[in-house]
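A.B. asks: Here it is, the structure in full.
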Amino acid sequence: MSGSATASPPAKPDLPSSDGAGLTPDAQCPYLLEISHISKGFPGVIALDDVQLRLRPGSVLALMGENGAGKSTLMKIIAGIYQPDTGEIRLRGKPISFTTPLSALQAGIAMIHQELNLMPFMSIAENIWIGREQLNGLHMVDHREMHRCTAQLLERLRIKLDPEELVGNLSIAERQMVEIAKAVSYDSDVLIMDEPTSAITETEVEHLFSIIADLRSQGKGIIYITHKMNEVFKIADEVAVFRDGTYIGLQRAESMDGDSLISMMVGRELTQLFPQREKPAGDVLLSVSDLSLKGIFQQVSFDLRAGEVLGIAGLMGSGRTNVAETLFGITPSDSGEIRFDGKTVRIGDPHQAIELGFALLTEDRKLTGLFPCLSVMENMEMAVLANYAGSGFVQQKALRALCEDMCKKLRVKTPSLEQCIDTLSGGNQQKALLARWLMTNPRVLILDEPTRGIDVGAKAEIYRLISLLASEGMAVIMISSELPEVLGMSDRVMVMHEGEMMGILDRSEATQEKVMHLASGHRVH
């Protein structure tokens, strides 16, 4: 990347010293940012308890911990969204406090949130410079200058987007890149990235890592929150671990391995992340022949046995999710045959799929799974409510007993069934949604990105459940973008590329190299 990764921004306003503007580095301090004895509580919850953290200039600090460990709360304090109850923040060696996110931005701290915060009906340029618009001599917004600055910024970040394109027309991955460009545009010394690769492709991940490397070479400090351990060992200089609102420790990334990192995160050793299972010996339950959906995927064929876990791998846009949605009747196929339990079936809608014995856990639990304003019980009972209703009455007692039983079996951690599901951790939300579908007694369970956005401890729980269900004879289709997960859990792996089925690998022959080769569109000979 040539030159600096920042464009010449529209002029910044003068900053009040009380918000930390104009801080000069302390020559005696080796740290860019220091967090000392920070505590933060909410009604009935201690989110952070006497935590500490330090960030060196020109380094990447990975922040790891299970959901609910306090990572996001601490980042929101650093970014000025929350104020701590006790403790001190030092920036460039000087004590500082932020009363608003704007004051943190003006002091040189920018945060890229996991939940994107762009305005869909505004252009890329307008989103990047909102609140900092360049004015012309008539004190009107100078759109030409904003376009120039944006084009320069995007070019230096090698982001190939039109500054005038509406953000609403962009893919999730492209919006993520705009968020990154916006944060870089502030020329901040500290950048906080919260799960920045959760919705982007492998190619875009590499692009992001090259941007991070460039920013690091300029002396920027980057705090990188992720659940993906391979990313930690690829780009992080140091790793800080949080657990249950407390600071566990900080180590050089090069001195750690996956096992030691997991042990620090969960407080116990996960000796076997992927449970050992016997090879399934059940009969063929589902047979798919030449299944096609015009313009999306074509001639997909596979058999699925009772008790088998079939993994589906492929890059974003390969058609994996579309195949799952077709099997569940969301988008019925144009051609091909589906045989279920020896009989040819036509699945025209999800209701038919559920009646046959199919269940689908969708890839985006927030968008297509959860009813965030409803309780845990209301979310869990959604798929079976009709079975417990009649003559104007709902069998609440029987439903409650069923939900309580599923919570115990799946180890869903919630204060009560009446708790708003939006307050649970990602892992517990996912287990509650899995419980919803298990209550329908499915014979084929389709899981689309079952562990996306959940911590390693919750992942181990999901893997245990999948293994248990398969051992009881349930047929499982698991779609995942995480290759170790696909290889560790699947009896066979089907690989797709741009709507085409490239091949099916047996567990004994499946490797990351072979899967990626197929996923990139190359046949394995």
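The backbone N, Cα and C atoms fix where each Cβ goes, glycine too.
According to Swiss-Prot, the protein carries these features:
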| type | residues | note |
| --- | --- | --- |
| REGION | 1-20 | region 'Disordered' |
| DOMAIN | 33-269 | domain 'ABC transporter 1' |
| BINDING | Gly65, Glu66, Asn67, Gly68, Ala69, Gly70, Lys71, Ser72 | ATP binding site |
| DOMAIN | 279-523 | domain 'ABC transporter 2' |
A.B. asks: Once near-sequence residues are set aside, which residues in the chain of Ser72 (ATP binding site), 6 or more away, have Cβ atoms under 8 Å from its Cβ?
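C.D. replies: The answer is Asp194, Ile225.
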A.B. asks: Can you give me the average pLDDT across the domain 'ABC transporter 1' (33-269), rounded to a whole number?
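C.D. replies: Summarising the domain 'ABC transporter 1' (33-269) by its mean pLDDT gives 88.
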A.B. asks: Using a 10 Å radius around each Cβ and counting other Cβ atoms from all shown chains, which of the binding-site residues Gly65, Gly70 yields the largest count?
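C.D. replies: Highest number of other Cβ atoms within 10 Å: Gly65.
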A.B. asks: Can you check which residues sit near Glu66 (ATP binding site), meaning Cβ under 8 Å from its Cβ, same chain, 6 or more apart in sequence, and list them in order?
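C.D. replies: Correct list: Arg243, Met265, Val266, Ser425, Gly427, Asp455, Val456, Gly457, Ala458.
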A.B. asks: So which of the binding-site residues is most packed in, judged by how many other Cβ atoms lie within 10 Å of its Cβ, out of Ala69, Lys71?
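C.D. replies: Highest number of other Cβ atoms within 10 Å: Ala69.
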A.B. asks: Three-state secondary structure of Ala69 (ATP binding site) from DSSP?
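C.D. replies: The residue in question, Ala69 (ATP binding site), is coil (DSSP, three-state).
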